[in-house]
Amino acid sequence: MIEADRLIAATGPREREEIQDRAIRPVSLADYIGQPSVREQMELFIQAARGRNESLDHTLIFGPPGLGKTTLANIIAEEMGVSIKSTSGPVLERPGDLAALLTNLEPHDVLFIDEIHRLSPIVEEVLYPAMEDFQLDIMIGEGPAARSIKLDLPPFTLVGATTRAGMLTNPLRDRFGIVQRLEFYSTADLATIVSRSAGILGLPLDPEGAFEVARRARGTPRIANRLLRRVRDFAEVRAKGHITKPIADLALNLLDVDERGFDHQDRRLLLTMIEKFDGGPVGVDSLAAAISEERHTIEDVLEPYLIQQGYIMRTPRGRVVTRHAYLHFGLNIPSRMGDMPVVDEFLDAVDD
């Protein structure tokens, strides 16, 4: 399975969707909906940095895909009144790639590195003195004639984004003065986002229709906006373009997105655990083989939302479905589950 092929994928949009996404992205903290703690803190930090005429401290933003890490990075640059240069960890293959970006920054500019956990060790080593001392150490020549020279860099702000904060090395993580975690959005916040996007795109949308789209969007703005575009297609063809709750419900059912925001892949994972592994515990490798998926697809794509919603637990012995999964499919809850610990006790447990 390719994550980008899922309608409810939280990965980046396709090229055509990306153009529309840029039009509906907020460009200031005042327009930024949700994440109240992050918004309040960043407003404070930015105001303080501007008052001192300094660069904002290096900032790490982490959380599940589609929650607005790139959007927040662009807002930081906009609020600071500086330019932003964007790249990603896999693109920076050699130290020279990073050096070219750093030497072209203006004072107080923002350098945004997405997927920063995928930086190669050799590039990461070059980044340390740049972050700490605003200096670039580069090697000139080869062999015995090689020598190191230092280049002074203008003060800048590195904004790193990652979905896998645990994969960052300690030296890199410790160099970020500001660390922000983005959480899944509430349905109310997503409904506000959907209504705002519909207004920008000129779509007639009832509040109840916005809420219906929002509650199936898995707590993720990117998914909410993608579902809105598909519901718009349905409404334009079959409902004269007006999106109401019944129209949104019909459209999303047609698109195989159920009331919990699950699609076919989510339901297949849960049913496989119930029917083939008696609800678990089951190891992730066995589960991957059973549904013909890669291990990382289960860990990075399918599991996070199911765990966050309490449908799957990670235990030291493997994955286990909860009673919520049985209830979702209208199945009888096994009697043995009456003795199971409360779901919340396991939500943060990690297995192999």
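Any Cβ shown, glycine's included, is placed from N, Cα and C.
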- Of Arg175, Arg215, Arg229, Arg230, which one shares the ATP site with Ile24, Arg25, Gly66, Lys69, Thr70, Thr71, Glu132, Asp133, Phe134, Tyr185, Arg222 in Swiss-Prot? Arg175
- In the three-state DSSP scheme, Arg295 (DNA binding site) belongs to helix
- Count up the helix, strand and coil residues in the region 'Head domain (RuvB-H)' (259-352) according to DSSP, in that order. 49 helix, 9 strand, 36 coil
- Task: Could you tell me which of these binding-site residues, Gly66, Arg295, has the fewest other Cβ atoms within 10 Å of its Cβ?
- Result: Arg295
- Query: Tyr185 (ATP binding site): which of the binding-site residues Arg295, Arg314, Arg319 is the nearest Cα neighbour?
  - Reply: Arg314
- Query: Per DSSP, what is the residue tally for the region 'Small ATPAse domain (RuvB-S)' (186-256) in helix, strand and coil?
  - Reply: 52 helix, 2 strand, 17 coil
- Which residues in the same chain, at least 6 apart in sequence, have a Cβ under 8 Å from the Cβ of Phe134 (ATP binding site)? Asp152, Leu153, Pro154, Pro155, Phe156
